[in-house]
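K.L.:
What TrEMBL lists as NAD(+) binding site is Q39, D63, V64, K162. Per TrEMBL, the feature substrate binding site maps to A94. According to TrEMBL, the active site, proton acceptor annotation covers Y145, Y155.
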Amino acid sequence: MILQDKTILIANISGKRSTGWAIAQSLAKQGAKIAYTYQNERFGSDVKKLFEPLDAIDVGECDVTSDEDIDKLFERLGNSVNVLDGLIHTPAFAKQEDLSSNFVNTSRDGFRLALDISCYSLIALCKRALPLLEVRGGAVTALTYIGGEKAVKNYNVMGVAKSALESSIRYLALDLGPKNIRVNAISAGPMRTLAARGLKDFMVMYELIKDKAPLKRNINPSEVGDTASFLCSDLASGITGEIIHVDAGYNTIGV
Ligand SMILES: NC(=O)c1ccc[n+]([C@@H]2O[C@H](COP(=O)([O-])OP(=O)(O)OC[C@H]3O[C@@H](n4cnc5c(N)ncnc54)[C@H](O)[C@@H]3O)[C@@H](O)[C@H]2O)c1
């Protein structure tokens, strides 16, 4: 088990179909002690049930648009642990109209909201996690999508947010590297989570990737979970500032 004696915070998990839960299962299988959070109580009751069989720490709800919520989250976490070896970042959000209209119509408010939740939250969480992460060094891992590198139809402002997130990964890696904190992202292929199914024509894209990807299939969320476990482990001790693709090779092919 590659994560024995490591404590990892997953911020956050929305339910059994979420990538956060796929990651939690892999981390637990690899021996990690998991601390978890959720956006609000609407998600909380389902998420708590998922964790019942595991010996995990429920750190409660946290809306990442609120600095006060993030402060309180780490106050509560600090009451249960005095060291953190890993932080997994999953929040992403864009207004429905900004994912279904033309990109040129993106509103100022929609842009601000998407960038705040999907990118700034990583910086805000890292800042509060720092005192716990620097105790013995650690690993921060976020989730991104190819829409941050290339223009993907209907991904729109979320693609811009993912570009900013990927750039933040590199700047955070540079900032936190001297404290032996590594910062990376996993660029995952499409997975049929609830959030993804809200994207216009998601299933069309899902089928298309199956045909084009070198592995001729879509990925399983457990493969993202296992890559997160690797990145949080000492096996990845020399890797930071990277965007690792777990997409059945789709990003590597030309037209
Ligand atoms: N599903 C895919 O195809 C896919 C592919 C590549 C990357 N990703 C990324 O994986 C991550 C998880 O997405 P998912 O598909 O598992 O869906 P998800 O809905 O489970 O995850 C999105 C998360 O964002 C959280 N969130 C939104 N607004 C928030 C707020 N104000 N405060 C706190 N949390 C908030 C939700 O609670 C939820 O947990 C996202 O970053 C997503 O972009 C997903």
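Backbone N, Cα and C define each Cβ position, glycine as well.
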K.L.:
Could you find out if DSSP has Y145 (active site, proton acceptor) as helix, strand or coil?
P.N.:
coil
K.L.:
CB neighbours of Y145 (active site, proton acceptor) within 10 A?
P.N.:
24
K.L.:
Give me the long-range Cβ neighbours of V64 (NAD(+) binding site): same chain, 6+ apart, Cβ under 8 Å, in sequence order.
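P.N.:
The answer is A11, N12, Q39, I70, P91, I117, S121, A124, L125.
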K.L.:
Taking Cα atoms as reference points, rank the recorded positions A94, Y145, Y155 by distance from D63 (NAD(+) binding site) and give the first.
P.N.:
A94
K.L.:
To the nearest Å, how far is the Cα of K162 (NAD(+) binding site) from the Cα of Y155 (active site, proton acceptor)?
P.N.:
10
K.L.:
Roughly how many Å separate the Cα of A94 (substrate binding site) from that of Y155 (active site, proton acceptor), to the nearest whole number?
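P.N.:
Each residue's Cα considered, A94 (substrate binding site) and Y155 (active site, proton acceptor) end up 9 Å apart.
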K.L.:
Give me the largest Cα to Cα distance among Q39, D63, V64, K162, the residues the record lists as binding NAD(+), in Å as a whole number.
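P.N.:
So the maximum pairwise Cα distance among the NAD(+) binders is 20 Å.
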K.L.:
Output: those binding-site residues from V64, A94, K162 whose CB lies less than 6 Å from an atom of ligand 1, in sequence order; none if no residue fits.
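P.N.:
V64, by Cβ distance under 6 Å.
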K.L.:
Check K162 (NAD(+) binding site) against DSSP and tell me helix, strand or coil, would you?
P.N.:
helix
K.L.:
What number of additional C-beta atoms lies within 10 angstroms of the C-beta atom of Y155 (active site, proton acceptor)?
P.N.:
22
K.L.:
Just to be sure I understand the packing, how many Cβ atoms besides its own are within 10 Å of the Cβ of K162 (NAD(+) binding site)?
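P.N.:
Result for K162 (NAD(+) binding site): 27 other Cβ atoms within 10 Å.
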